[in-house]
């Protein structure tokens, strides 16, 4: 393995970006749903918000669809996006309004793009789309507020399924959009296999907001009543007789807010032989897993702080085969581990602890 210095990141790259990194199932792949893996509400925290705590500073959030999918008419696309936003408004104090006037701006812009889109061509850690049967979408953290969908994919209003007639996966726009919206609101991936914000949510077909997702969004935006008439409704006994309705509109008055677990991360054992690297802020650092050229490419897995990195995160982390690249900032500090697997066993591993170099004030006074 070797360490590669790549150079200074353009200032534009330091804009907060997040990719959901949702990838398509290969034909024949079967990943079980939460099943017995879902834990009881009393458990360690699994949701995560972005490390810098970026969020919207207002509750009435607007969105605009700038380009539409090729495989879905505009009305159905709007309906799917609206349903996805409603999933989050139902469990948070946020409201979402679509802007259809082309001359008005919106907080969150949504578009369906082909390979080269926005700034992906010149931003090394914001990859362009890869065509059919690859990355489905990615999103940007607040305050940039953009959601990009791959327009090579087949988007539908309905559950994802494989079309034997067309020979392609038909992708559930509601499910993918709801996951991406979570990122655009400031949520990171969850480790709860039953959560909508789990990185493998498309594999399991998880379409609904789980309790872990609610804990995450309410930790960012709180739990507030949406109606001014919550007090009289509560006095009429609606907290008990119309619990679901009141949980949506008057959760604070009816004491129906979820109490999120502590936000501390679950400790993981430190890997052996960790190399500590002090890196200047803004440097792009590259790793290569394995130095020998083999006829059969090795099976490589990358981990950050004990959690497997399943996909790239535009603006932060780029994974391609045996290569990993990161930009040094507060977001990416941590321990990165590379494992080479062969026949079900780990045959090689190496770890680096990435730390930012202290920034000393200028001597010029």
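Cβ atoms are placed via backbone N, Cα and C, with glycine included.
Features of the protein shown, as given by TrEMBL:
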type	residues	note
ACT_SITE	180	active site
BINDING	107	Ca(2+) 2 binding site
BINDING	117, 119, 138, 148	Zn(2+) 1 binding site
BINDING	130, 131, 150, 153	Ca(2+) 3 binding site
BINDING	153	Ca(2+) 1 binding site
BINDING	179, 183, 189, 197	Zn(2+) 2 binding site
DISULFID	223-257	disulfide bond
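Feature annotations (TrEMBL) mapped to structure.
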| residue | record | DSSP class |
| --- | --- | --- |
| 107 | Ca(2+) 2 binding site | coil |
| 138 | Zn(2+) 1 binding site | strand |
| 148 | Zn(2+) 1 binding site | strand |
| 153 | Ca(2+) 3 binding site | coil |
| 179 | Zn(2+) 2 binding site | helix |
| 223 | disulfide bond | coil |
| 257 | disulfide bond | coil |
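Counting Cβ atoms from all protein chains shown, residue 138 (Zn(2+) 1 binding site) has 27 others lying within 10 Å of its own Cβ. Comparing local CB density within 10 A for the binding-site residues 179, 183, 189, the maximum falls on 179. Among the recorded positions listed here, namely 180, 197, 257, 180 has its C-alpha nearest to that of residue 148 (Zn(2+) 1 binding site). Checked against residue 197 (Zn(2+) 2 binding site), the recorded positions 150, 180, 223 differ in C-alpha distance, with 180 being the nearest.
In the structure as shown, the Cβ atom of residue 197 (Zn(2+) 2 binding site) sits within 10 Å of 26 other Cβ atoms. Nearest Cα neighbour of residue 150 (Ca(2+) 3 binding site) among the listed recorded positions (138, 180, 223, 257): 138.
In this structure the C-alpha atoms belonging to residue 179 (Zn(2+) 2 binding site) and residue 153 (Ca(2+) 3 binding site) are separated by 17 Å.
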